[in-house]
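According to Swiss-Prot:
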- ILE21, ASN95, TYR163, LYS167, ILE195, THR197: NADP(+) binding site (BINDING)
- SER148: active site, proton donor (ACT_SITE)
- TYR163: active site, proton donor (ACT_SITE)
- LYS167: active site, lowers pKa of active site Tyr (ACT_SITE)
Amino acid sequence: MTSMFSLKGKTTLITGGSGGIGFSIAKAFAAAGSNVGLLYGRNKKALEYAAELRDKHGVQAKAYSCPIENRSAVIETTNQAVEELGGRLDVMIANAGIAIPHLSLEDKNEDIWTKVVGINLNGAYYTAQAAGHHFKKQGKGSLIFTASMSGHIANWPQQWASYHATKAAVKHLARALAVEWAPFARVNSVSPGYIDTDLTLYADENLRKKWKEYTPQARIGLPDELPGAYLYLASDASSYCTGSDIIVDGGYCSR
């Protein structure tokens with residue numbers, strides 16, 4: 001049974017690879033035998049992370065700087081990584097994302113909305129396109145989006161209209177592509193709840209206290225509690241699973 005979860009000899013690319021969730025996924029996938037490409041924006045820690053994966057797990061691992069909101073850059077970087085990591089792409093994880101609190105009525109700065117949409121939604125779509133060409137040529141592949149519980153409900157008390165909207169769109173994009181790409185790829189998503197990463201660092205103690213109060217497990221999740229869902233969706237254990245979304249939120253959406 002455990003062999004169904006093996007990724008030995010496969011290649012995985014992860015956008016947002018220098019973040020808490022992205023690197024946690026990378027560690028789990030490398031431990032399962034996958035070569036790993038980390039696509040990152042500005043955080044050059046991805047270079048150190050790639051070296052760590054190579055040294056600890058003996059897999060191929062490289063880091064690539066890539067502005068995820070730039071379609072041409074995403075496609076070019078994906079093609080480069082595929083060529084350098086073995087010539088095929090088995091798993092693509094569209095994980096890059098940002099959240100910027102803003103007042104939807106009072107905030108007249110359109111730059112916030114445009115930036116969040118550019119990274120969270122456009123970037124996810126460009127990532128899918130880049131991977132889809134390889135999957136179609138190969139006749140097989142697994143695309144996994146990092147959505148959010150914010151795509152299911154509107155978080156409170158923070159005001160994240162742009163984040164909520166983009167993550168709901170990403171979740172439905174996954175379902176749409178699962179239908180369109182059924183002949184050659186599986187497409188699914190994972191919806192994390194409140195996870196202790198750089199994305200939530202802005203929150204003061206009062207806000208974090210509210211998050212815990214609203215979560216049935218009464219705590220904020222850790223990045224290392226997420227990779228199991230991604231590993232399942234990437235592996236042969238989920239060969240008949242497409243168009244699904246796995247919520248990992250400590251029970252938040254079940255209240």
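Every residue, even glycine, has its Cβ placed from backbone N, Cα and C.
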For the NADP(+) site given as ILE21, ASN95, TYR163, LYS167, ILE195, THR197, which other residues of the same chain have their Cβ within 8 Å of the site's Cβ centre?
GLY16, GLY19, GLY97, ALA99, THR146, SER148, PRO192, LEU199
Annotated NADP(+) contacts ILE21, ASN95, TYR163, LYS167, ILE195, THR197, maximal Cα-Cα distance (Å, integer):
17
Quick note, SER148 (active site, proton donor) and LYS167 (NADP(+) binding site): C-alpha atoms separated, nearest Å, by 6
LYS167 (NADP(+) binding site) CB neighbourhood, other CB atoms within 10 A
28
Sorted by position, what residues of the same chain at least six away from ASN95 (NADP(+) binding site) have a C-beta under 8 A from it?
ILE14, THR15, GLY16, GLY17, GLY19, ILE21, GLY22, ILE25, PHE145, THR146
Long-range Cβ list for THR197 (NADP(+) binding site), cut-off under 8 Å, min separation 6+ in sequence, same chain only, gives GLY19, GLY20, ILE21, PRO223
Give the residue from the recorded positions ILE21, SER148, TYR163, ILE195 that has the most other Cβ atoms within 10 Å of its Cβ, counting over every protein chain displayed.
SER148
